[in-house]
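Per Swiss-Prot, the feature ATP binding site maps to GLY34, GLY35, ASN36, GLY37, ALA38, GLY39, LYS40, SER41. Among the features that Swiss-Prot reports, coiled coil is placed at 326-472, 507-602, 832-1110, 1209-1265, with the record citing sequence analysis. Residues annotated as compositional bias 'Basic and acidic residues' in Swiss-Prot: 1056-1065. Taken from Swiss-Prot, the feature region 'Flexible hinge' applies to 666-783. The feature region 'Disordered' is assigned by Swiss-Prot to 1056-1075.
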Amino acid sequence: MIERGKFRSLTLVNWNGFFARTFDLDELVTTLSGGNGAGKSTTMAAFVTALIPDLTLLHFRNTTEAGATSGSRDKGLHGKLRAGVCYSVLDVINSRHQRVVVGVRLQQVAGRDRKVDIKPFAIQGLPTSILPTQLLTETLNDRQARVVSLNELKDKLEAMEGVQFKQFNSITEYHSLMFDLGVVARRLRSASDRSKYYRLIEASLYGGISSTITRSLRDYLLPENSGVRKAFQDMEAALRENRMTLEAIRVTQSDRDLFKHLISEATNYVAADYMRHANERRIHLDKALEYRRDLFTSRSQLAAEQYKHVEMARELQEHNGAEGDLEADYQAASDHLNLVQTALRQQEKIERYEADLDELQIRLEEQNEVVAEAADQQEENEARAEAAELEVDELKNQLADYQQALDVQQTRAIQYNQALQALERAKTLCHLPDLTPESADEWLETFQAKEQEATEKMLSLEQKMSVAQTAHSQFEQAYQLVAAINGPLARNEAWDVARELLRDGVNQRHQAEQAQGLRSRLNELEQRLREQQDAERQLAEFCKRQGKRYDIDDLETLHQELEARIASLADSVSNAQEQRMTLRQELEQLQSRTQTLMRRAPIWLAAQNSLNQLCEQSGEQFESGQEVTEYLQQLLEREREAIVERDEVGARKRAIDEEIERLSQPGGSEDPRLNALAERFGGVLLSEIYDDVSLEDAPYFSALYGPSRHAIVVPDLSQVAEQLEGLEDCPEDLYLIEGDPQSFDDSVFSVDELEKAVVVKIADRQWRYSRFPTLPLFGRAARENRIETLHAERESLSERFATLSFDVQKTQRLHQAFSRFIGSHLAVAFEDDPEEEIRKLNSRRGELERALNAHESDNQQNRVQYEQAKEGVSALNRLLPRLNLLADDTLADRVDEIQERLDEAQEAVRFIQQHGNQLAKLEPIVSVLQSDPEQFEQLKEDYAYAQQTQRDARQQAFALAEVVQRRAHFSYSDSAEMLSGNSDLNEKLRQRLQQAESERSRAREAMRSHVAQLNQYNQVLASLKSSYDTKKELLNDLYKELQDIGVRADAGAEERARQRRDELHTQLSNNRSRRNQLEKALTFCEAEMDNLTRKLRKLERDYCEMREQVVSAKAGWCAVMRLVKDNGVERRLHRRELAYLSADELRSMSDKALGALRLAVADNEHLRDVLRISEDPKRPERKIQFFVAVYQHLRERIRQDIIRTDDPVEAIEQMEIELSRLTEELTNREQKLAISSRSVANIIRKTIQREQNRIRMLNQGLQSVSFGQVNSVRLNVNVRETHSTLLDVLSEQHEQHQDLFNSNRLTFSEALAKLYQRLNPQIDMGQRTPQTIGEELLDYRNYLEMEVEVNRGSDGWLRAESGALSTGEAIGTGMSILVMVVQSWEDESRRLRGKDISPCRLLFLDEAARLDARSIATLFELCERLEMQLIIAAPENISPEKGTTYKLVRKVFNNHEHVHVVGLRGFAAPVPEALPGTADAS
C-alpha cells in the first residue's frame, strides 16, 4: 500500500509577529488556537501563499468581508509582511519518502500601491536534520539573527552535496514540480486551474457552502476529457488540411485545365488560321484558272441567249392577240352556265312545292271528312244529353211528389192525384182523349212500335246522309283539280273540260318520253361540232408554227416526213447521250471516289497523328496492326505486374494503418469490447493500470502477464460472477483479476525471472514460461515506440506506393491510348495515303470535264432540231384522227334541227311536271263530274225531321209507360197494400233516377270532350287551308320566274353549259399559261442576258483581281513559312485534317478559340498584348508569334522537380497522372479521418457513464458524514434533457440529418452545433459561433447537471443551500464537498503522475468556533478515514481532544510585536506533553 504524502511543517520568516517560526503539522488535524489578532489568519495566509504564489488570486480578507473582491488595496498580503526579505516555506515528505521543501520569497515593493514581489523556489535532497529556519536565517550571536536573501540561500544550498535548488520564473513550472512530487493533487497547467485550486482553498478557509464551487461543480469534479477534444480537434484539423489540400489540387487541376485549354485553344486559333491561309492560297490559284475558263464560256452563252430572246418575243405577241377573244367567249359561257343553274334550282323548287301541294291536298280532304264526322257526332251527343236531362227532371219531380206523400193518411191521395196527372199528360202527348188506365197497356205497345219505326227511319236517313256527303266531297275534289289545271270555270263545264285535259295529257306525256333521246342526240352532235371547231383551230396553229399553209390531204404525207426526220435525229441524239453518259458516269465515279477519299482522309490523318503520338510515348515504331496489338499485350502484362506490386504495398500500408490505429487506442485496449466490459463490471483494464510502464520494463511485464495482459481488474470477482452468465459479446478468452485498481501491483503471481524470460507459477501444478517479446506493446511508451517505427515504415511504403501508382496510371493511360487507337484508328492507320490518290483523280477529272464541254456544244444543235420535229409530229398526231370532222359541212344544220324538236319535248316535260300529278288524281274520279249533288240539302232536312219524330215518339211511349206504372194508384185494396206499393214504387223511382243521372253525366262529359276535339279539328283544317293557299301562290310565282329566265332547264343543260365553259377555260388557261411561260422565259432570258453581261464584266474584273491577289499573297506566305520552320512548330500547326474544312468553318474555329483565349490570358499582360497584336488579319505571321509565345510561357511554368519534360503537352499529361493519384489518395484519407455521429454519441455517453459511476463511488465515502441535523451528503449528477435528445438523435436518427454531417462546407463541430440548434430552436445561442458551440458540445461536462443534496432531519433530502442550513451545518457540508473535489482531482490525475506517488491532502478551516464538538469530531473522523490533513483556526475556548494544537498569543515588548506559540498534542491525556521546538525564535 502506497503511503500518502504529508506536509511536515510550515515555516514563516519575517512575517508580522513571526520572525522565524516553524509549525510542525499533525498528520490529521492541526489547530491554531488564540484570541483575536493572535496570528491565526496570518499563519494560514502564509501557507496559502506558499501553495499558490499568484498575486492575481491571493486575497486575504477577514470573515466580515465575505463576498468582497477589493477589501483592501494589497488584498491582505502586504500588511502581513515586514520590511525586507520574507519567506513562507512548506516542508513535505511525499509517498517516495523524499523530502521536498517548497516555498516563496516575498518582499514588499516600495510605493503607494503596496505591491509584493514573490519568487517561488524548491529544494530537493535536503537532509532531514537540517531545519528550514537554519537555511533561511543566519545567526549573528546568541540574541540576534538575520534573514538571508534568495541568492545567499542558493549559494548555501549549492555548497551542500546532493541538494538541488530550483528557482522558478513561472508559477506553472512551480506547480508542475509540486504535482510531479505529490505536493498538490492536480496538475495546474493554466491560470484557470490555479483559480479553481485557490477558490477551493478559499472556500475551505472561510467555511460554508461556496457558491463559486457549487455553481461550477462540473469544472471541479469532472475531469476535462482533453484527449477526446484534442482527438476531435486533430481530426477536424486533419480534415480541414485534407480539404484544403484537395482544394489546392482542384485549383491545380483548374490551372492544369487552363494550361490544357490554353494549348488547345492556341493551337486551334493559330492552326485554323494557318490552314485557312494555306487553303485560300490553293483556292485562289484554282479560282484564277476557273475565272478565265468561265470568261470564255459566258461569251458564247450570251450570243445564244440573244437569238432565243427574239424568237420568244414573236410568239408572245401572237398569244396576246388570241387571249382577248377567248376571254369574251369564256365570260359568255360562264353567264349561260349561271342561268342554267338558276333555272334548274327554280325547277327543283317547283317540283318540291308541287309535291308539298299534293300532300296538303290529301291532308285537307282527309281533314274535311274528319270535321264532318265530328259535327254529326256532336249533334247526336247534344240530342242524347237533352233527352237525358228531360228524363232526370221528370224522375226528380215524381220522386219529390212521392216523398211528400209518405204520410200514412196523405200518401194515397197524393199518389192518386199523380196518377191522374200522368194520365192527363199521356192523353195530351198521345192525343188520346179516351185513354183509360185499363187501355194504357195496349196503347203503350202501339206507341213503342211507332218509336221503333221512327228510330229505324232516322238510321236509314243517317246512312243516306253519309253516302251523299261522300259524293259531294268527291265532286268538289274533282272540280278543284280541273280548276287547278285549266283555271276558273263553271261547274256544268267541268265534265267536258276534264275529258279534254285527259286527252291532251296523253299526248304531252308521249312527247315528254322522247325528250331524253333527243337530248342525248343533241349532246352528241354538239360534242362533234366542238371537236370540229377545235380541230380547225389546231390546224391553223400548226400551219402558223410551220410557217406554211397545208391542205387536209397533205397532212398524212407531212407526218411521215417528220417521223423519218425524228428517227434520224433520235439515233444521233441517242448515240450522243450514250457517249455523254459514259463520260458522266466515269466523272461521277471519280467524284464519288474523290469524296470517299476526302471523307476518309481526315480519319486517316487522325489515325496517323494518333500513331505518331503512340510511337513517341512508347519509343517504338509500328509497321502493322499486329505489332500494335502485340505491344498492347506487353503493356497489359507490365500493368498487371505493377498493379500487383502496388496492391501488395497498399495492403501492407493499410495493415500498418490498422495497427497504428489499434495501438493508438487509449489505455492500450486492442479490442473495444474490453472497454465496454470494464465499464459494465466496474473495473479497469490491466493495460490501463500499466499504461505508464517504461520502455525498459515493458518486455518484463508483457511476459509476466502473458495472455492475461488484456485482463480486467475488478474489485470483487464474486460480484462479476452473476454478470458472466449469458455473456456473448466478448473475446474468446476473457481474463478477470481481483484487486484494487487504485493500488494494484504484480503480487498476484509467483514469478522467477530468467535471462530474457520469466517463469510464472500460476498454480502448484501449472507453470507458464514466457520469453520477453522482441516488440513489446505493453505500456504507452512501448506502444509509442512501436508507432514511431510503424510511421517510419509507412512513410517509405507511401513513397513506394506513390511511385508505383504513378507508373500504373502512366501505363494505364498508355494502355487506354493504345486501346482507343485500336478501337478507332487501327482499321485505317496502315492503309495507303488517300491524298496521293486524290491528286491523281483530280488530274483525270480535268480531262473528262474538257471532253464533256466539247461534246455538249456539238450535241446542242441536234437537240434543237429534234425537239422541233417532235413538236410537229405531236400536233399532227392530234389532227389526223379528226380529218373526217374537218370534212363534214352539214353538222351545224343537224344540230339546229334536233334543237327545235328538243324544245317542243321540253315544253311537254314541263306540262307533265306541272300537272301530271293532278291529271293522275283526276282520271279515277272524273265520272263524278257528270252530276252535281245539289239534293244534299233536302236530305239534311229530312234527316232533321226524322230525328224530331223519333224524339216525340220516345216521349209519348214514356208517358204511356208512366201511366201503366201508376195504374195501381187508381184503385187501392187497403192501406197496407197501398203503403207497400208506395215503398216499392219509391225504390224503383230512386234507382231509375240514379241511372238517369249517370246517363246524363256521361252524355255531358262526352259532349264536352267532343266539342274540344271538334275545335281542334277545325283549327287543323284552317291551318291546312292557309298552308295550301300560301304554297299555291308561291308555286305560281316560281312558274313566272322560270318563264322570265328564258333558259331550257333539262337534265343535260347544266352539264353541256359547264363542259362548254370548262373547254373555254382550258383554252384560256393554256393560252395564259403559255403566255406566262413566254413572259417568264422572256424575262428570264433578259435577266440571263443582263446577268451574263454583268458576269462577263465581273469575271473580267475578278480574274484581274485574283491574279493580282495570288501574286501579292505569295510574299506574306513565304514569311509565315519561314517563321514556322525557324521555331519548329510546323508539326503543331500544319494539321492536314483541317485542309478538308471550309474557310467559314476554319474562321469560326479560329474565332471561337480567340474568344476563349481572351478569357484565358486576361490575367497575363504579356500574352494578352501578343494576342491583341495577333488579331490583325492582314498579318498572319503575328499569330505564329503568339503561338510561339504561348509555348515559351508554358515551358517556363513547368516544375522540373515534378515533371521531367520540356514539352508542355507532355507536362500536362504527367500533371494529370500525378493529380489523379493525389486526389484519390487524399479522398481515401478523408474517408479514414471522418468519424461518424454514432461514434461521437457513444464516446460521450460512455464518458458520462464512467463519470457517473465515479461520482457514485465518491458519494459512498460521504454517506456517514453528519453535521448537526445533517445526516448525510450526496452529489446528484443528471444528463440535461436537451443534450440527452441530441445524443439519442446522433445515435439513432442520424440518417435524417446527413445533410449536416456529409457537408464539405461544415466541420464536425459546426454540424453538431447546427443539429443542436435544429433540435432546440427555443434556445438562444447568442453571439457564439457554431464552431464554439460545437466544441462545447464535444465536452461531455456540458451534458451534465450537478447539485449537492443533504439529508437533514425530518426534511429528508434537500438541496444544499446556506439559507436552509445552520452555519455549522453549512461549514461541514462545504467541507464534505471540498473533500469530494480533492478526491476527484486525485483520481483524475492518477494517470498523469507516477504510480508510486499518492499526493498530499490538506484543507483549512478558519473560525472553527461555529462548529460544535460533534461536528469537529466528525471532521476528525473524516480526516482520519481520508488520510487528510486539516488546519483549523479556533478561539481560545476550543480545544480539540485529538491532533496538534498551537496556542498563539500576540505580545508587544519594547514596541516590538511578536507571537508567542505553545504547541500541545491532544487533551485526552491528563498531562499535556510539550512539543519540541516551541520556543519563539524571536
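We count from 1, first residue shown onward.
Including glycine, each Cβ sits where the backbone N, Cα and C put it.
For the region 'Flexible hinge' (666-783), DSSP puts the residue distribution at 45 helix, 26 strand, 47 coil. Across the binding-site residues listed here (ASN36, SER41), the residue whose Cβ sits among the most other Cβ atoms within 10 Å is SER41. The Cβ of GLY34 (ATP binding site) has 22 neighbouring Cβ atoms from other residues within 10 Å, across all protein chains displayed.
For the ATP site, the Cβ centre of GLY34, GLY35, ASN36, GLY37, ALA38, GLY39, LYS40, SER41 serves as reference, and the other residues of the chain with Cβ at most 8 Å from it are ALA1433, LEU1448, ARG1450.
For the region 'Disordered' (1056-1075), DSSP puts the residue distribution at 20 helix, 0 strand, 0 coil. Around GLY39 (ATP binding site), the same-chain residues six or more apart in sequence whose CB sits under 8 Å from its CB are ASN16, GLY17, PHE18, LEU1448, ARG1450, VAL1459, listed in sequence order. The 10 Å shell around the Cβ of GLY35 (ATP binding site) contains 14 further Cβ atoms across the protein chains shown. With a 10 A radius on its CB, ALA38 (ATP binding site) counts 24 other CB atoms from all the protein chains.
Note on the coiled coil (1209-1265): its mean pLDDT in the predicted model is 69. DSSP assigns ASN36 (ATP binding site) to coil in the three-state reduction, outside any helix or strand.
Summary: among the binding-site residues (GLY37, LYS40), the fewest other C-beta atoms within 10 A of the C-beta are counted at GLY37. In this structure, SER41 (ATP binding site) is part of a helix by DSSP.
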